Amino acid sequence: MEPSDDVAVPGQPMVLDCRVEGTPPVQITWRKNGVELPESTHSTLLANGSLMIRHFRLQRGGSPSDEGDYECVAQNRFGLVVSRKARIQAATMSDFHVHPQAAVGEEGGVARFQCQIHGLPKPLITWEKNRVPIDTDNERYTLLPKGVLQITGLRAEDSGIFHCVASNIASIRISHGARLTVSGSGSGAYKEPAILVGPENLTLTVHQTAVLECVATGNPRPIVSWSRLDGRPIGVEGIQVLGTGNLIISDVTVQHSGVYVCAANRPGTRVRRTAQGRLVVQAPAEFVQHPQSISRPAGTTAMFTCQAQGEPPPHVTWLKNGQVLGPGGHVRLKNNNSTLTISGIGPEDEAIYQCVAENSAGSSQASARLTVLWAEGLPGPPRNVRAVSVSSTEVRVSWSEPLANTREIIGYVLHIRKAADPPELEYQEAVSKSTFQHLVSDLEPSTAYSFYIKAYTPRGASSASVPTLASTLGEAPAPPPLSVRVLGSSSLQLLWEPWPRLAQHEGGFKLFYRPASKTAFTGPILLPGTVSSYNLSQLDPTAVYEVKLLAYNQHGDGNATVRFVSLRGASERTALSPPCDCRKDETTNQTSTTGIVIGIHIGVTCIIFCVLFLLFGQRGRVLLCKDVENQLSPPQGPRSQRDPGILALNGVRWGERGQLGRNEKRVDMKELEQLFPPAGAAGQPDPRPTQDAAAPASCEETQLSKLPLQGCGLMEGRTTEATAPCSGLA
């Protein structure tokens, strides 16, 4: 049993309950506001563990007050637990800060009186008329718990002087008198419905009672109704209407929170007036998952999970043997402190752990015990652990065997993690018992790592060695992937993936470009590692450009990614859809029904392109059928995924990273030969037989049954020696 919040009467005795079960002997002490409370003649510890305060005191002059937060602390040989905090306050009663006011009403009308007073516990409010308690059985008199008196259907005999009476265990207070005068009957004229008093904003705790007031007037008498602003039904359980329109919700829950709307309707019409108030229901913290006691071998990881709910959401803290436990070292907290992880546990971690959930509505606690299993005769921790960087991806770790109990060692386990990562992200590598060094590979460059070692026997693991740190060596960055988009006849857009880590290592990108016919590059253009694009403008529309992009850091420049781009015919390329690619199949001469059908479709496509060229006056295009090896721009995946504005002449796709070695140059020499034919090639006669060199006069003359099934491609304004128009179609 844990102590509960309570209100004490000054000068009177009070008892705080605390009953503990556990393996004896159990020692019980008390804390007040976090400080151990010494036993004295003023406060006594009872035999059952409860605390008795003989005369509850308020702070007056130099005497201390007994008000505060009290905790019961129980301890035995297994550990220590602390109870929830019990808030103890003194019973008080203030003066009225709102007295009832005189009122005048017509017969048949409505009168309302209100008084307000603060006290602990909450005062009980009653009313007197002419010093006589009001008859609560009179249906025309409505008394609301918040100190409101409503009188409906006023009569002449209701006239008199009214007093508000407040009482609790501390005192009794009587307000000033307020006179009610009831005049003759009203004129009976029509009056618009009006709400005199609407609902107030309320903040309550679950299981309390909500009183939402609504007083309406009008002639004829308006009908009062209630609804929720969010459209959800109010329900019927625990709901009642008090008087002529006051909404009472008993035993409120969190689901009752919301905005409530009071509406006063003129009978038989749609004329209405509304007022609204917000109800907020808080719930003290309670557990949906308690931590469980566990036993774990020394050197392993222990984990406790504790989940709590409440409104507002509770804050979770952890205690170890009654002391606040924070993250650090081998202790980690995650998931908003709902999970406690202790790695590499030892005898010093054996304790009672408590999860404390607290919010503005209250607190709760749950406890669990950690038992560390420790076998006798286990080896000590490995000694002299050292880590030395070998390369940008490798570290060599060496150690010496433990000093004692080494005969039963069956191997070692090396624990590895990035120094910046939490312990749960570490991984292990096993090493034979006769090996005292290990090369750790596949690490990241320029990164700090933590290493420690355990020796294992058939009965368990040793304690962990002292951790050691080592950082891998740095290296220059890899070539960045680069793609080029033609924006116009004289401008290009260069695209690549940003590398934010370059900024952490004093790095970025360097960009160079030049017309391929010149020897000097323009650049370097220095760009930060977070940039992913750059535009080149005012270029020569007739030139072929070479573009280079490389990444650099404090270790130097990486290898460059190279692109060759032609701007000739850029406007036509962006205006048309991606052309298909007619290629000759050199491995087979067999045709099939499927091949014929596909060939027909390709032939029709070629006819459409020819018509488009004639209609729009485009420059002559040559249908070029060639082998895959001689393509100017190989396909970059499915035709639906290719971008006609992207020119990548060396065959490396956008997003392709790390597929080329660091020392390989990303330039296809066949592409250069196609862009720049050997001297003397142009204008020389074709050595092939006449019938092979002759091309059909139009695409309609193609023998469709012999079309290869490789696709159809177009090349702008260039015919090389190795190919001829529509070759392979005959």
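Glycine too: its Cβ is placed from the backbone N, Cα and C atoms.
Curation plays no part in TrEMBL annotations; they are all automatic predictions.
Taken residue by residue, the domain 'Ig-like' (1-94) breaks down under DSSP into 0 helix, 42 strand, 52 coil. According to TrEMBL, the domain 'Ig-like' annotation covers 1-94 (among others).
The domain 'Ig-like' annotation in TrEMBL covers 107-175 (among others). Across the domain 'Ig-like' (107-175), the prediction's mean pLDDT works out to 91.
The domain 'Ig-like' annotation in TrEMBL covers 193-276 (among others).
Annotated domain 'Ig-like' per TrEMBL: 284-371 (among others), in sequence order.
Annotation source TrEMBL lists domain 'Fibronectin type-III' at 381-475 (among others).
Positions annotated as domain 'Fibronectin type-III' by TrEMBL: 478-573 (among others).
For 596-616, the entry in TrEMBL reads transmembrane segment.
Taken from TrEMBL, the feature region 'Disordered' applies to 677-701.
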Stretch of maximal Cβ-Cβ contact with the domain 'Ig-like' (193-276) [cut-off: under 8 Å; candidates 1-94, 107-175, 478-573]: 107-175
Stretch contact, the domain 'Ig-like' (1-94) with the domain 'Fibronectin type-III' (381-475), Cβ-Cβ under 8 Å, 3+ pairs: no
